[in-house]
């Protein structure tokens, strides 16, 4: 009988010892009713996740390559914006000033406003911190208040608490508050601190590209050489049909394009390049707004 009681007590002690663990947030010893890899501390509110997978650390060469890639894209995008501004002024403004002085000054002012808004929003998005979380006391019961680490988890890469609204970025090597994504074109994460600047940058690029495309078409219409149609009589045009007429117009455009000046060729490039960039940034703007709406809905549900 005594042996059975001793075995039962030993089993109870082993069970209690097996389900006893410590909270990383406040350091208190916790007794769990059953084994669970994920549990929450009743004092500080920190969440412990033992199933959290640890990604293999990036090599030094790969980290340097990622940093060089971000710097390259940032420099490339900045140089492209400067090129579009300077080339557009050189190619378009002789045409608009030929209309009237006030018409030219209006477009000068509009170009300056769009250029300043685009470059300023790009600077704030790229060189402003995406959002660092506030430092909190952790690790020791005397300094951790009740509920001070509510829903916090432990970041194994930073080695410190991570708020429920934060996510670790291995490119920036930090936990970013309200992280949306890491954008290589600004070389920075899009987070709580620069999300508005990033949206403003996307809007400024879309509006500016629309303006560049419209002004390039307008100026190109004025500098384009006159079309010369070969054997374009009304009777022959009607006999050719729609497809034949389109071929004839396309041939006339190709022949006149050979006579374009450097300003005209630059206008064609600006129109197509700006249209391509506008399509891409419209897609990015729609994706960013959709993701932000999804984050708001998920936060309300939680």
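Here, residue 1 is simply the first one shown, and the rest follow in order.
Glycine is treated like the rest: Cβ placed from N, Cα and C.
Per TrEMBL, the feature transmembrane segment maps to 72-93 (among others). Sequence-distant contacts of the transmembrane segment (72-93), counting only residues of its own chain at least 6 positions beyond either end whose CB sits under 8 Å from a CB of the stretch, comprise 104, 107-108, 111, 115, 118-119, 122, 126, 184-187, 208, 212, 215-216, 218-219, 263, 266-267, 270, 273-274.
Per TrEMBL, the feature transmembrane segment maps to 99-124 (among others). Long-range contacts of the transmembrane segment (99-124) within the same chain: residues 77-78, 81, 85, 88-89, 92-93, 186, 194, 197-198, 200-201, 204-205, 207-208, 211, 215, each at least 6 residues beyond the stretch ends and with a Cβ under 8 Å from a Cβ of the stretch.
Each residue in the domain 'Palmitoyltransferase DHHC' (151-253) has a pLDDT score, and their mean in this model is 80. According to TrEMBL, the feature domain 'Palmitoyltransferase DHHC' maps to 151-253.
Taking Cβ pairs closer than 8 Å, the transmembrane segment (198-221) reaches residues 84, 88, 91-92, 95-96, 107, 110-111, 114-115, 117-118, 121-122, 124-125, 180, 183, 186, 190, 264, 267-268, 270-271, 274-275, 277-278, 281-282, 284-285, 288-289 in its own chain, all 6 or more past its ends. The transmembrane segment annotation in TrEMBL covers 198-221 (among others).
Per TrEMBL, the feature transmembrane segment maps to 233-254 (among others).
The transmembrane segment annotation in TrEMBL covers 266-285 (among others).
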Request  = Quickly jot the same-chain residues contacting the transmembrane segment (266-285) by Cβ under 8 Å, restricted to those at least six beyond its ends, or write none.
outcome  = 84, 87-88, 90-92, 199, 202-203, 205-206, 208-210, 212-213, 216-217, 219-220, 223, 257, 260
